[in-house]
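Features of the protein shown, as given by TrEMBL:
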REGION    1-27  region 'Disordered'
COMPBIAS  18-27  compositional bias 'Basic and acidic residues'
DOMAIN    190-288  domain 'Fe2OG dioxygenase'
Amino acid sequence: MSNSESYPPEFRPLMSEKSTETGLDRSKDIDIPVIDMEHLDMEKLREACKDWGIFHLENTGIPLTFMSQVKEITESVLSLPFEEKRTLFGVNSPLSYYWGTHTVSPSGKAVTRAPQESSGHLFEGINIPLASLSRLLALSCTDPKLESFRVVMEEYGKHVTRIIVTLFEAIIETLSLELSGDQKMGYLSESTGVIRVQRYPQCTESPGLEAHTDSSVISIINQDDVGGLEFMKDGEWFNVKPLASSFVVGLGDMMQVISDEEYKSVLHKVGKRMRKKERYSIVNFVFPDKDCMFNSSRYKPFKFSEFEAQVKLDVETHGSKVGLSRFLSNP
């Protein structure tokens, strides 16, 4: 099997086109803050959240040998033939396979987008609701590849959940907010945690992932050494240079509301650029409980389920997410 056959059929003609450098993204390099989780500097964390909305997180306590396992099994599963992935992660699976759109609900269902002038985003992914991984056990017994993937992702989810809880509590401390146990559980709902593993073809001029903010509280990104992640600061696009053995943390829309806009969600994308090899990323999204109520001086009171429903409607109607501006108390 050629490598192209592991990608969706509509990707293959674009992957074989002769590449030029016309229209490629020319974002600038910049060093984003680096936060040491082993020795948390609260002032440095506050500045990273307030001034950047994105930072590297290192010394997280995940063994490097395990991270190598995660990389190996992710690349192995995403490199399976296209039709096999569709079957493995089809209607009977709690996991779902998607391609060409980043607008995927926490349950893994791709949202139908209104037609746009610009399309053709070349990447594919597997949506993994952490609360549903145990349901994969019955299906994975007959497929060693699926069983290995389930075991590794389940362990990875536990590691990242530990990181998220510690980091969230530290960020809340930088805001001098006092939250009850129920509020913390609502903001970091275990029932809605999602991991998405994604792959981008090499040498393509098509956009990888359009500019957007995440609907999450926090997003934890494990990008490989290929790079490609970009973010906007002060009206300019900058590259997030890969830093070995670290994660990239991005603040999401719900953190912007929790902080009453003291911290902003980060606008980011995977740009249109030449890649010498495939790009892989693993993203953990921390969503609130659907019934979690948000109250802020800058926004009308809303439940997270209402925000999700509005995002879905905007994508279906306009082709893209409008976001928090829909909920401003004084638009």
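Using N, Cα and C of the backbone, Cβ positions are placed for all residues, glycine too.
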Q) How does the domain 'Fe2OG dioxygenase' (190-288) divide up by DSSP, counting helix, then strand, then coil residues? A) 9 helix, 44 strand, 46 coil
**Q.** Local confidence of the domain 'Fe2OG dioxygenase' (190-288) - pLDDT mean
**A.** 90
